[in-house]
Structures are given as structure tokens and as C-alpha cells.
Amino acid sequence: MEKHPGSLCINPHELYSLRMQRSREKLEREKMEEQNQCKKKLRVCVATCNRADYSKLAPIMFGIKSHPEEFELEVVVLGSHLIDDYGNTFRMIEQDDFDIGSKLHTIVRGEDEAAMVESVGLALVKLPDVLQRLRPDILVVHGDRFDALALATAAALMNIRILHLEGGEVSGTIDDSIRHAISKLAHYHACCTRRAEQHLIAMCEDHSRILLAGCPSYDKLLSPHHRDDHMDIIKSWLGDKVQERDYIVALQHPVTTDIQHSIKIYGLMLDALLSFNKRTLILFPNIDAGSKEMVRVMRKKGIEQHPNFRAVKHIPFEQFIQLVCHAGCMIGNSSCGVREAGAFGTPVINLGTRQTGRETGENVLHVRDADTHNKIYHALELQFGKRYPCSKIYGDGNAVPRILKFLRTIDLDEPLQKTFCFPPVKDSISQDIDHILETQSALAVDLGGTNLRVAIVCMRGKILKKYTQPNPKTFEARMHLILKMCTDAMRDAVCLNCRILGVGVSTGGRVNPQEGVVLHSTKLIQEWCSVDLRTPISDALQLPVWVDNDGNCAALAERKFGHGKGVENFVTVITGTGIGGGIIHHNELVHGSTFCAAELGHIMVSLEGPECSCGSHGCIEAYASGLALQREAKRLHDEDLLKVEGMDMKLSEPVTAAHLISAARMGNSKADAVLNKASTALGVGIINILHIVNPSHVILSGVLASFYQAPVQRIISERALFSAQSIKVVTSELEEPALLGAASMVLDYATRRTY
């Protein structure tokens, strides 16, 4: 074939390959465009019925709104939001800049049982048109109100997926039945507590569709806890003269299963508040049957005109939580008292049966049979002005990110029909690692004479991470370091997938564990008397805090993880720099009336013995502690009576108790005599303990435990009463008893706050 000058010569095979490549690229572009068009936003409808459920739903609504590329938010408002007597609270939704897609007037006035039923019926009549128009992919429903039951019923019958918040919980009145009915209609569940999760599983709900998220309101509660303007908020509602923690918040609702009794309790509560004579902010009851009668009782007693009272229909949630946070006490039967108030450690008096079965923190005092004015008044005297550790039973402030992540995993192509599971009730934690498989753990702090240590400890007693720093000499530096190390550990806990339940602190000296205060310290820790450890740590970390003596912590560690596990009565003796310990009697730690029980090192075994660090003479610690043995070793060394042939001891090396023990083992009679006297003193002291509390075990802990175990067992068999001679003396196998004991305070108590 003749080629023309200047023409391009292209190989036919190359031309074909080029065309095929361009064709493939075009197909890929078209496929990507098609996928982008097919990727549909999740259409989420959030329905709110009253001021209480909006406080839980609003954080989720803000979260959904902040991701417009993934979600499309629709808002439906119904119930008491639209009633003037209850504050027309739909306005706060508009103030939060949410577009309300539908407002449904669903409340039939009357405030009795029949009106509640008619309200459910009216909602069922109106909801189908709204849901058909909005066509949501998923409807978010909260709690246990009759309005929410209507929402869930309508959505389930219209084949709309339902996400139910706060299912699985237990409380009093008809609310329980409504809550569980909604759970059975719902396709997905976001619950607040481990126990609620277990209840849902026991109700045959599919555990892969259950998210342990925590309460969404805690995301707000834990962020603005210490607002600078809280006094302005308090004064705007209660007047300029009121002081922080010197007022009461009262909120009492009807109990629909026993209306007349709940009205009686309401009257008694008002009488007690009038007698108690403190400034009181009282909120109107909710719209349940019986609320009208309660308002009549309030007006009959002149509460709205009384100078000590401010009666209101509604308070914005952000302001309300500040009022609860800084109140001297909260009283009534609102779930806010047993849930949200615990996040601040605010004292709460829970009246009657409306919250029966709720998990609560130690800040709640239950007056179940509130049948007299005096009983309620006495509860006010006990609770008013106290402060408790902050509780995170219902959340840790991260519920919304978990719920949004959960929503993203919903597959709209899955069959809509619910399936129920019938496994045995699971005791283990959630199996869905992508959602909430977080190891329940504690932060443990050990304040020693030399070092300050912090550890992350899991439920099984494994130390996941440990931090050690020299213990500063001054109070300010020590507290700063404690908070910094705890903050670092909290950050690392997230990476380790640990949920920190609280902080346990082990420290030398005498401790009041009820108040979290170090009363008197040992000489080894300077500037450490009358120190409130609980408050600054709890305020900084927003966690409950437990504090106890290091000897008591060692006993707690043995009870949970060591030789004391399953033993009803035992004594732990720490043999280290000093001598300490703890006593477990009938499975409980003995503290004593002034918190100096189990000061085992200061049991006197001689009237004329050596001087002890406590100022007395003849204490066990003056004979058998590491410092006492070091003192005797130095004396022998100064008299040139310590070192024996074959003993390796450098001139520059400080003399310690270890040299004394080494010399005795190599035949030094002087050293052996000192150790025999120390062993005898310790053994006699332990015999005194055996004859007083009669434990079944004695557990020796600390660096000298292995040395003392055999001599102490021998002395008991020789000198104790016959019935006590068979008591076992064992050596602890725990490497970190102080840290493990501090952790056990959290792990044992933070997980059992139930009513």
C-alpha cells in the first residue's frame, strides 16, 4: 500500500485498543453517576409530644440536621406541646430553628383516664395523613407516653420502620406497659443502660438491632454543666436574693394507676415544703389523668401567691438543667430526678411509686410510702444541701454520635417484617462490636509515699494501662498531677475501647469514705490532711469518685480478685514500709464509727516497746514494718554486727530490711533475733485480731508477706485459742492490691445502683 507524504500511520490494533479504553472510561463514569443518583438520603421523621421528650430528642435532631448530605429531617409536633396551659412548648422547637412539618392537635381535654384514651384515638385518626405525606424511612419515637404509643401503632401499621428511644427500662404506673408495647412495635432500639439492653433481649428483641447508646439528654447535660451564667439563670427564676444550693426544685406528676393517692402525696409534699421554708421552684404537672386535681390542690394552698414559691408551666431545658444542677435538693416523682439529676450529684427525694424499678445513683432517697407530712419533711432535712458523686448510669455524653452511626447502618432493603429471638437471657455485654462493645472499666489511683500511680482496670481485674509519676510534695502540685494523669487515662481509655464507670482512690492515712475526704495522713505524704478528694476529681472528670484507705483497698482487692473471693470473713494485713490492713466481716468492709477500724499496724503488743510513728510505743508497726526492720539493720550495721562472711554488701549501698533478712538467712544470730521479735510481734497482733473478729483467713500482702507467712502461722498455732489455731495464713497473689482495690470500689458499686 502506497503511503502519502505527511500522512499519519496508525496501527489498526492500537486504534482498536484506544477506542475500547475510551468506551470503558465512559461506562465507568456513567456507572458512578448512576450510583450517586441512587444513593438516597435517609429520611428521618422525629415526633415529639411534650417538653420532656423534646429534651431527649433535640440532641438527635441537631445531630441529624448537621449532616444534610446523609439525612433529611422531618419534625412532627403533637400532644401537650400545642396546649397553652402547658406553655405552648412547640415555640422552643421553632426557636431551635427546626422546621415543623406538621402540628397535630391530639389532646382531648379532661385530664382523666377516658380523655387519655380519646387522645390516643384522635392521634390515630390524624397521623395516617401526615405519615403518608411525609413518607419517612424511619420514625424516631421516645419513651412511654400515650401519644408515643399512637405514633408507634400508626407507623407499624403503615410499614414505616421505628427507632424507639429508652426502651427496656422499668418504672411504675401504666408507663411500663406502654413502653414495652412500643418496644414490641419498634424495629430498632437505642437504650440507655446495660440493664435496659438485657431487658430488651429478654423480651425477645433481636440484639443486633439494639444499641446501648446512653441517654441523648446527657450529651447536653455534661457539656454545659459549669456555665458561667448559672447564677443569672437562677436569679431570673427565683429572685436576686436566692443563693446557689439554697433552693428546691419540685416536680410531681400524677400516677395514673392510683390518681387519688398521688394527689394526696402531692398535698403532703406541698405541706412539707411550706414547713421547710426554703425558696422553691415548682413546675406544673404533666397532662396525665389527675393533673387538674393536682393544680387545684396547689392553688388551694396558695402556692402561686406564696413568697417562697415560684410556680411555672415550662422552663427551657438548658436553663432547667442549670437550675437542677445547682439546687440544694430536687423533690417529686419526675424521671428527671432519678436520671438527669444524678449527672450533677444533686440530692433527690423520690416520692411514691412512679419511678419504682428505675436504676438510680446514690443521690436518690426514696420515700416509697409518702403517707405523712413528717416523713417528707424529715427526708428534706436529710437531703437538702448535700452533694453526691456524679453518676453516669444513664449516659456518658456520647449518645448522639452512636445513634447517628446506628442510623447509617440501617439497610432499607432488608425485609420490613420484624423477627423475634428466643435465646436465654444474656449476661454478657452487647455482641455488636461496631456499635457499643466497650469494656466496663475503672480508673484506679494509688497515692503512695513515693509514687503516684493511675491505672485503667477492667471488670476482670486486668490492668490495661498503668501510669506512674513521683508523688509531689505539695498539695497543689499533687492535685494537679492527679487530674492530669486521670485526664490522660480517660483519653487513652477511648482508644482501648473502655467505658470508664468511675474513679477509685487509694491513699495512706485515715479516710472518711462517705464524704471522700482524707482526714489524717501518714508522715510519708505531706500536706494531706482534711483534703476533699472526691469533689475536684468528680467535677473535673464528670465521674463518680470513691476514696478509701490503702489497707481497706487491699482487703477489697482480695475480696473481688484474690484469696478473699467467696470468703465471708477475712483479714488482710499489709506488710510493707508500714503495717496496715482491712477487715471484711459478713462480706462488708469494716470502717468503724470514726473510720479508724483496721488500723492493724497500731495494735499495741508491748507497753515498753519502741516508739511508733503514731507517737505511741509498742505498736506492731514499730517492730515489724519495713521501716522498723531498716532501723534495726542500720543499728547492727553501725555496731559492725550485720555483715557476715559471704554477704554481698557494697559500702555505698544504703542499709535496708533486705540486708537484715539476708544476714539472718546466712546465720547472723543478731539479725535472726531481730526478725524473730518482729515475727512474734506481728503474730501476737494478728492473734488479737483473731480473738476479736474471728475471721476464717488471714491474707498477708506487701513486700514482706512471703517472709512473715510461715512464722505467723507457727505463732498462731502455738499461742492462739484452740478454736483459732486452724485459721489459715496465706500470702496474697495480687501484684497491685492498692490499684485493684481502688478499682473494685468503682466496679462493685457503680454497676449496682438499682432501686
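Cβ atoms are placed via backbone N, Cα and C, with glycine included.
These features come from TrEMBL:
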COILED    17-44  coiled coil
DOMAIN    69-407  domain 'UDP-N-acetylglucosamine 2-epimerase'
BINDING   Arg510, Thr522, Asp550, Glu599, His602, Glu621  N-acyl-D-mannosamine binding site
ACT_SITE  Asp550  active site
BINDING   His602, Cys612, Cys614, Cys619  Zn(2+) binding site
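The structure, with features from TrEMBL marked on it.
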residue : record                            : CB count, 10 Å
Arg510  : N-acyl-D-mannosamine binding site : 18
Thr522  : N-acyl-D-mannosamine binding site : 20
Asp550  : N-acyl-D-mannosamine binding site : 26
Glu599  : N-acyl-D-mannosamine binding site : 18
His602  : N-acyl-D-mannosamine binding site : 20
Cys612  : Zn(2+) binding site               : 22
Cys614  : Zn(2+) binding site               : 15
Cys619  : Zn(2+) binding site               : 29
Glu621  : N-acyl-D-mannosamine binding site : 27
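If you take the Cα of Glu599 (N-acyl-D-mannosamine binding site) and the Cα of Cys614 (Zn(2+) binding site), they are about 11 angstrom apart, rounded to a whole number. In terms of C-alpha distance, the listed binding-site residues Cys612, Cys614, Cys619 place Cys619 closest to His602 (N-acyl-D-mannosamine binding site). Straight-line distance linking the Cα atoms of Cys612 (Zn(2+) binding site) and Glu621 (N-acyl-D-mannosamine binding site), rounded to a whole number, equals 7 Å.
For the coiled coil (17-44), the predicted model reports an average pLDDT of 72.
Once the Cα atoms of Arg510, Thr522, Asp550, Glu599, His602, Glu621, the listed binders of N-acyl-D-mannosamine, are compared pairwise, the greatest separation found is 16 Å.
Rounded to a whole number, the C-alpha distance linking Cys614 (Zn(2+) binding site) with Glu621 (N-acyl-D-mannosamine binding site) is 9 angstrom. One way to see the shell of the N-acyl-D-mannosamine site is to take the Cβ centroid of Arg510, Thr522, Asp550, Glu599, His602, Glu621; the remaining same-chain residues with a Cβ within 8 Å of it are Gly508, Gly509, Asn549, Gly551, Gly578, Ile579, Gly580, Gly601, Cys614. Calculated from their C-alpha atoms, the gap between Asp550 (N-acyl-D-mannosamine binding site) and Cys619 (Zn(2+) binding site) amounts to 19 Å.
Within 8 Å of the centroid defined by the CB atoms of His602, Cys612, Cys614, Cys619, the record's Zn(2+) site, lie the Cβ atoms of Gly601, Met604, Ser613, Gly615, Ser616, Ile620, Glu621, Ala622, excluding the listed residues themselves.
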